[in-house]
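In Swiss-Prot this protein carries:
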SIGNAL    1-29  signal peptide
BINDING   Ala31, Asp33, Asn35, Asp71, Asp125  Ca(2+) 1 binding site
BINDING   Asn174, Asp176, Asn179, Asp180, Gly216, Asp218  Ca(2+) 2 binding site
BINDING   His296, Arg383, His500, Asp501, Asp545, Arg549  substrate binding site
BINDING   Asp305, Asn309, Phe310, Ser312, Glu317  Ca(2+) 3 binding site
ACT_SITE  Asp385  active site, nucleophile
ACT_SITE  Glu425  active site, proton donor
SITE      Asp501  site 'Transition state stabilizer'
Amino acid sequence: MIKLLKPMSLSILLVFILSFSFPFPTAKAAANDNNVEWNGLFHDQGPLFDNAPEPTSTQSVTLKLRTFKGDITSANIKYWDTADNAFHWVPMVWDSNDPTGTFDYWKGTIPASPSIKYYRFQINDGTSTAWYNGNGPSSTEPNADDFYIIPNFKTPDWLKNGVMYQIFPDRFYNGDSSNDVQTGSYTYNGTPTEKKAWGSSVYADPGYDNSLVFFGGDLAGIDQKLGYIKKTLGANILYLNPIFKAPTNHKYDTQDYMAVDPAFGDNSTLQTLINDIHSTANGPKGYLILDGVFNHTGDSHPWFDKYNNFSSQGAYESQSSPWYNYYTFYTWPDSYASFLGFNSLPKLNYGNSGSAVRGVIYNNSNSVAKTYLNPPYSVDGWRLDAAQYVDANGNNGSDVTNHQIWSEFRNAVKGVNSNAAIIGEYWGNANPWTAQGNQWDAATNFDGFTQPVSEWITGKDYQNNSASISTTQFDSWLRGTRANYPTNVQQSMMNFLSNHDITRFATRSGGDLWKTYLALIFQMTYVGTPTIYYGDEYGMQGGADPDNRRSFDWSQATPSNSAVALTQKLITIRNQYPALRTGSFMTLITDDTNKIYSYGRFDNVNRIAVVLNNDSVSHTVNVPVWQLSMPNGSTVTDKITGHSYTVQNGMVTVAVDGHYGAVLAQ
């Protein structure tokens, strides 16, 4: 196309004449060829494009849109303001070129106010118009997936910038054999406990129950292995499955929220562990997230007391119990609301605002949530189990009351520590709990990470059923699920390959360690908080529950294990480059034939091109790094191999092994 300058007004021309001795940036506006080049369009809320990704109510937000140099004649920001439930327009002005002279940047400012806003861009070239929002460019105006502006909503920086390590305590390390549950130590619902040797099968022997099989892992064991987690691997956030007193090995059937289970130690053991996690003597400063099982208790909790274990009368024993209204009975005593129909998990009744249950769980100064956030514990956040189901009167959640509860919970938690993390367990689109900035900071990213990664790399879904997607479908899935969330939520999502509820990634990949390598490279370079389920870093296998909770093989926990070594290197790389944590994300290649996926992570300091090869054979890939404004003649270095490459004609050519990747940084 022929490129012409925009006609200048007389006032601008006079300024130009009077300022001839100074450089004057001139917009390279397009001739009217009526064609917006989509391949040049880009915006997200990374540092290059948004000056205030977490604005206060008094901060205006200046946004930038990238286009090809000289390609468009005008651009506008169109935003919906919830203050007046109306659309508003902001004309954009040309701002600058990129360092390579390939792109223009246009900017516009949305004025400060406390209201939530949603914005998209209208881009014009003569009579041609394109639109751009969280789902990318389109020829027609979108009606969903706009970018978010949520004043005064901040997610913890340590969560965005950290790497998480999830531990199922009974199976990690036995640091104190004196507290081990032995075979026959107690019975629960008529079944005795069973003690197993470390490394043996997780399945119960005849006469026992899988949930009552114990291996001896405890908090002292976690404390003794902090050097492995924080130094060897480099992870700095620990998330523990439930640790409070409960009869089973998984502890999702709480008997006492205020006491650490004796099999794991005691409350002083927890204090010591937290102090050591926070310490920098054994690695980077760490953070601890506890599992809050607040939808239900166990049936052995004294509030319920189904087995008459306590002198006080629980709700199951008496309708005059002080805790009777903590639960919902349909026909007392045997018909009551429970979690997914499991009678061993009676569902808490949160009632109306100000209810006793709301008080004891989060509102009171001595509530469960506040007690552990305050000294002497000072935990750093809560992961909320079965969070969608929390409700009143036996209702099953995902309703107005559920959202009210989590809004109150947020106020209570942030009132103690504004930097505490709140992560809800949800298996689908958690937008209803995150898009208003008043409930969760983030969610478990089954839908936006675990499932698409599994289907693309292993050809199985996270429950090990056959399910395969192409590279293009993978990219589309990722883009669509990112668009569900505000950017600071995207950056805080819990991104895991496996967890305690699904089959192990290594089992889904048929034990092919190269597929674990590929998944790790993606996990550590994608948007969100990488979350390693203990053992995934060395390729631990395991089927459905309880097989996904095997005891940790400490002979593998060394850099001599190639997957552990790669995990260590990738975490080091992620920690080195903020662009991998809070930078922009741009798709570069989706090659379905060769199964190549490439994307850029970049900010105002670094530009990184990640290349993933999901094929079983090596491929030579031409990476269009011109999209990242990498200049010709400049050098990029693969941070995994150390090999360097020169940018030629806007491209970098790199050979990538099958089921492996490259992280090309400059």
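Just so it is clear, glycine is given a Cβ too, placed from its N, Cα and C backbone atoms.
Just so it is clear, the model here is predicted, and its values are computed rather than measured.
Around Asp545 (substrate binding site), taking its Cβ as the centre, 15 other Cβ atoms fall within 10 Å, counting all chains.
Long-range Cβ contacts of Asp218 (Ca(2+) 2 binding site) within its own chain (separation 6+, distance under 8 Å): Pro169, Asp170, Tyr173, Asn174, Gly175, Asp176, Asn179, Ala263, Phe264, Gly265, Thr269. Around the Cβ of Arg383 (substrate binding site), the same chain contributes Tyr239, Ile289, Leu290, Asp291, Gly292, Ile423, Gly424, Glu425, Thr444, Met494, each under 8 angstroms and 6 or more positions distant in sequence. Highest Cβ count within 10 Å among the binding-site residues Asn179, Asn309, Ser312: Asn179. According to DSSP, Asn179 (Ca(2+) 2 binding site) sits within a helical segment. For the Ca(2+) 2 site, the Cβ centre of Asn174, Asp176, Asn179, Asp180, Gly216, Asp218 serves as reference, and the other residues of the chain with Cβ at most 8 Å from it are Gly175, Ser177, Ser178, Gly217, Ala220, Gly221, Ala263, Phe264. Cα spacing between Asn309 (Ca(2+) 3 binding site) and His296 (substrate binding site): 19 Å, rounded to the nearest whole number.
You'll find the Cα of the residue listed as 'active site, nucleophile' roughly 17 Å from the Cα of Arg549 (substrate binding site).
Cα of Asp33 (Ca(2+) 1 binding site) to Cα of Asp545 (substrate binding site): a distance of 60 Å. According to its DSSP assignment, Arg549 (substrate binding site) is helical. Summarising the environment of Asp71 (Ca(2+) 1 binding site), the number of other Cβ atoms within 10 Å of its Cβ, over all protein chains shown, is 24. When the Cα atoms are compared, His296 (substrate binding site) and Asp71 (Ca(2+) 1 binding site) turn out to be 58 Å apart. By neighbour count, meaning other C-beta atoms within 10 Å, the densest spot among the binding-site residues Asp33, Asp176, Asp305, Asp501 is Asp305.
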